[in-house]
Amino acid sequence: MVTEYNEPLLEQEPGSDQHRQRASADGLARSLLGRGWRWRRSAAEASSSSEASGERTLLSPLMLRRPLVRFCYWVVFLLLLVGTLTTLGPLYWMVSGALKSNVEIFQRPPTFWPAHPQWSNYSNAWQILQLPLYLGNSLMLAAGAVLLQLLVSATAAYALSKLRPWGRSAILFAFFATLMVPPVVYLIPQFVNISDLPLIHVSLINNWAGVWLPEAANAFNILILKSFFDTIPGELTDAARLDGASSWQVFTRIVLPLSRPALAVITIFTVIASWKDFLWPLLVLSNSNLQPLMVALYHESGLNANLPFSYLMAGLVFASLPPILLFLLFQRQIIRGVNLTGLKG
């Protein structure tokens, strides 16, 4: 049997040194505990709010409370704001210039906003510059580029990723090597080939196929799709082959449906690249009825000396609207494409 001894505690006088030391220690402990509790509560609230929103930010709310971090944050914010305004400046000048008269647009100093906006400049430019014809040509060139690039890029990426042919590493190295060469270097050899196709001796000058074919085999798109196809589990394709599916059926019924995000990203990038392409269509398409909008506006500005400059600005506004709308509608897919550009060998 164990006997417990409770020793009486020595009572401390309220004014003694020991009492004051103990009181100060208790106060310090309460202060530290209170700060720790508040810190844990704020951290829990921050984590719960971030989890509820489903987003991960570069800087947490706790880091933004530090003066140095907050200062750097606002410096970066101001730099980005200045860069954004600098980028939007020419766009604003183009939109406002299309509403000015031919005298006001060359006025010095320039006006920030037209004194008498002339909205009729847009309708006049639509008719005089034959914008429906050239917009249709640009849409046809973009549609053909999308179809050919998806066909060639998807089949080539599937062969490199799933069929694994002999010399696969050398082919991938060749694709990477072509990305290191500036596109301007290919202009003269491509133009010679388009003027007289080898073996069949057919000229594709003033033919939309002359614009489509050189862009069909895009090494960048092939590597993006190949990287995405590598993430598809091999068990799915193996199970389909055990069920009697051919390689083409595996490609069309399994690989392509699972690759819709990557295909959507490539489609958007191809449309934007085809829409803003200028130099190659300028060399291949000399017939004005086949030219895209950007090339047609270039010829109109040089050949028609009596064309009001505000009409040309209005035509450029119409040419800029489709890429802007495409970005606003599919900005999530475009940002996702930045993640897909992390290529894996």
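Cβ coordinates are placed from backbone N, Cα and C, and glycine is handled just like the others.
Because TrEMBL annotations are produced automatically, they should be read as predictions rather than curated entries.
The domain 'ABC transmembrane type-1' annotation in TrEMBL covers 135-330.
Feature annotation from TrEMBL assigns region 'Disordered' to 1-21.
The transmembrane segment annotation in TrEMBL covers 71-93 (among others).
Annotation comment: TrEMBL describes 139-158 (among others) as transmembrane segment.
The annotation transmembrane segment is assigned in TrEMBL to 170-188 (among others).
Annotation comment: TrEMBL describes 208-229 (among others) as transmembrane segment. Long-range neighbours of the transmembrane segment (208-229) within the same chain, counting only residues 6 or more positions beyond its ends whose Cβ lies under 8 Å from a Cβ of the stretch, are 140-141, 144-145, 148-149, 151-154, 156-158, 160-162, 172, 175-176, 178-179, 186, 190, 194, 255, 259, 261-263, 265-266, 269-270, 274, 277, 280-281, 284-285, 290, 337, 340-344.
Summarising the annotation, TrEMBL assigns transmembrane segment to 250-275 (among others). Non-local neighbours of the transmembrane segment (250-275) in the same chain are 138, 141-142, 145-146, 149-150, 153-155, 158, 162, 215, 218, 221, 224-225, 228-229, 232, 236-237, 240-241, 292, 294, 322-323, 326-327, 330, 333-334, 336-337, 340; each lies 6+ residues outside the stretch with a CB under 8 Å from one of its CB atoms.
Through the fold, the transmembrane segment (309-330) approaches residues 91, 94-95, 97-102, 105-106, 118, 121-122, 124-126, 128-129, 131, 135, 138, 264, 268, 271-272, 275-276, 293-294, 297, 300-301 of its own chain, all at least 6 residues removed from its boundaries and within a Cβ separation under 8 Å. Taken from TrEMBL, the feature transmembrane segment covers 309-330 (among others).
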